[in-house]
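S.K.: Copying in the features that TrEMBL gives for the protein in this structure:
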- 12-32: transmembrane segment (TRANSMEM)
- 30-386: domain 'Ammonium transporter AmtB-like' (DOMAIN)
- 44-67: transmembrane segment (TRANSMEM)
- 79-99: transmembrane segment (TRANSMEM)
- 111-130: transmembrane segment (TRANSMEM)
- 137-155: transmembrane segment (TRANSMEM)
- 167-185: transmembrane segment (TRANSMEM)
- 205-224: transmembrane segment (TRANSMEM)
- 236-255: transmembrane segment (TRANSMEM)
- 288-308: transmembrane segment (TRANSMEM)
- 329-349: transmembrane segment (TRANSMEM)
- 355-378: transmembrane segment (TRANSMEM)
Amino acid sequence: MASQYPPSLRIHLPLLLLLLQVGFILIFLFFISYDHNNKEEDLAIYPALQDVNVMVVSGFAFLLAFLRRYGFSSTGFTLLLAALGVQWTVIVDGFLFNFSGGKVKINLQSILTAIMSVTAVLISSGAVLGKVNLLQLIWMAMVELTAFTVNRWIAVDILKIGNHESLMHVHLFGTYFGLMASWKCCHSLMPKLEKQRSQPVSDKFAMLGTLFLWVFWPTFNSALLKDGVEKGTAIYNTYFAIAASTLTAFSFSVATNSNGKLCMADIQTATLAGGVALGFPAPIIQHPWIAIVLGLLAGAISVAAVSLSQKCLESAIGIHDTRGVHYTFGLPSLLGGIVHVILIVIDNWENLSVLGYSALIKIGALSLSIAIGLVAGVTTGFSLKCKLWKAVPVKKYFDDQAYWEFPHLATGY
């Protein structure tokens, strides 16, 4: 059966992608070279790079594949955004952090940083999932990665936040950027389309993505830490936290369900809450029970916020959050940031000057990420409403058929 959708992207999409790739090639040609110093140290992070790469590309791709008729786009677009985003982030990050003598020196850590930064785009894409086309996603990714890298540069060079900690802001930034972009570019009062629902097969794919993320999250929270003790501590704490949030997810899912049954959506989101919440404080938590309590709180907040967050965002404010990134990533990350500040206050209680300065800097960095994410998201949302992007109408939201061939359509997809 032939597609009923007009091929509106036939010219615009290939042209945009080829222009971007040619632009990347020229920038790499004239400005970027490999840094071959410290080869052993550089190669030592390759296992972590592999873990994060699997987590970002496979984990997020399947996590977003929960919509019954949007599986092709969820997985396929994630791969494209990752491939595009890594190249662009290496360029922007290189010019801001590693530019000297007219050249940018890059190594495996540059690629690892870029892959971790792409997480912001994949989180944001969850908020606008199914409501924007590939052209809009590409533009959103370019703007967001630029804004996030600038945010990191301010945090590292001005606020003197560590490189690892600056990247842990990716959850907060991606969440609030995505929510604002959805608010401004997408219809908030949409009809309840059948295509917004999941089905058993799509839920299984989303659960597969959850499992990928669950397995590799300790690497994400420790990959950029230099100190061996801090790295080990972050790994231990993250494992305990995601284990606790998993148990909490199952417990609260049954308790909050009117039928007393498990909800697959709760399990897909709340099991990851512990890993998200540990992003900031993982290296400094010295007792495993603290990580377990934090994982428990993050899982509970994630499940409890599902219905409340949807009512507040969509009904009261007019923000439609397709994947629920607010309670999956935003709220747990905010909780982790607050706990991080509290732990710093406790550790420096006897030195008031260090206490006040450290707490102020951490709070300022959190506020900065949220503020830049909100402003950049609103601005990007406005720009995505331009007719140039060939946006799909509301009645054709959440449908792969707008973008993909379906030779098997007659079988009842």
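Using the three backbone atoms N, Cα and C, a Cβ is placed for every residue, glycine included.
What TrEMBL says about a protein is an automatic prediction, not a curated fact.
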S.K.: Under 8 Å, at least 3 Cβ pairs, sequence separation 6 or more: does that hold for the transmembrane segment (79-99) versus the transmembrane segment (137-155)?
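M.R.: Contact criterion met.
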S.K.: Over the domain 'Ammonium transporter AmtB-like' (30-386), what is the model's mean pLDDT?
M.R.: 90
S.K.: Do any residues, 6 or more residues outside the transmembrane segment (329-349), come within under 8 Å Cβ-to-Cβ of it, and if so which ones?
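M.R.: Cβ under 8 Å, 6 or more out: 123, 168, 171-172, 174-176, 179, 272-274, 276-281, 284-285, 290, 294, 297-298, 301-302, 305, 309, 355, 358-359, 362-363, 366.
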S.K.: Hey, does the transmembrane segment (44-67) touch the transmembrane segment (205-224), meaning at least 3 C-beta pairs closer than 8 angstroms, sequence gap 6 or more?
M.R.: yes
S.K.: Check for me, if you would, whether the transmembrane segment (167-185) reaches the transmembrane segment (288-308) - at least 3 Cβ pairs under 8 Å, residues 6 or more apart in sequence.
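M.R.: No; fewer than 3 Cβ pairs under 8 Å.
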S.K.: Any chance you could find the range in 44-67, 137-155, 355-378 with the most Cβ pairs under 8 Å to the transmembrane segment (111-130)?
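M.R.: Ranked by Cβ pairs under 8 Å, first place goes to 44-67.
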S.K.: Can you work out which residues elsewhere in the same chain, 6+ from the ends of the transmembrane segment (44-67), have a Cβ less than 8 Å from its Cβ atoms?
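M.R.: For the transmembrane segment (44-67), the sequence-distant neighbours (Cβ-Cβ under 8 Å, at least 6 residues beyond its ends) are 74-75, 78-79, 82, 108-109, 111-112, 115-116, 118-119, 122, 125-126, 129-130, 195-198, 202-203, 205-206, 208-210, 212-213, 215-217, 219-220, 222-223, 265, 268, 322-323, 398.
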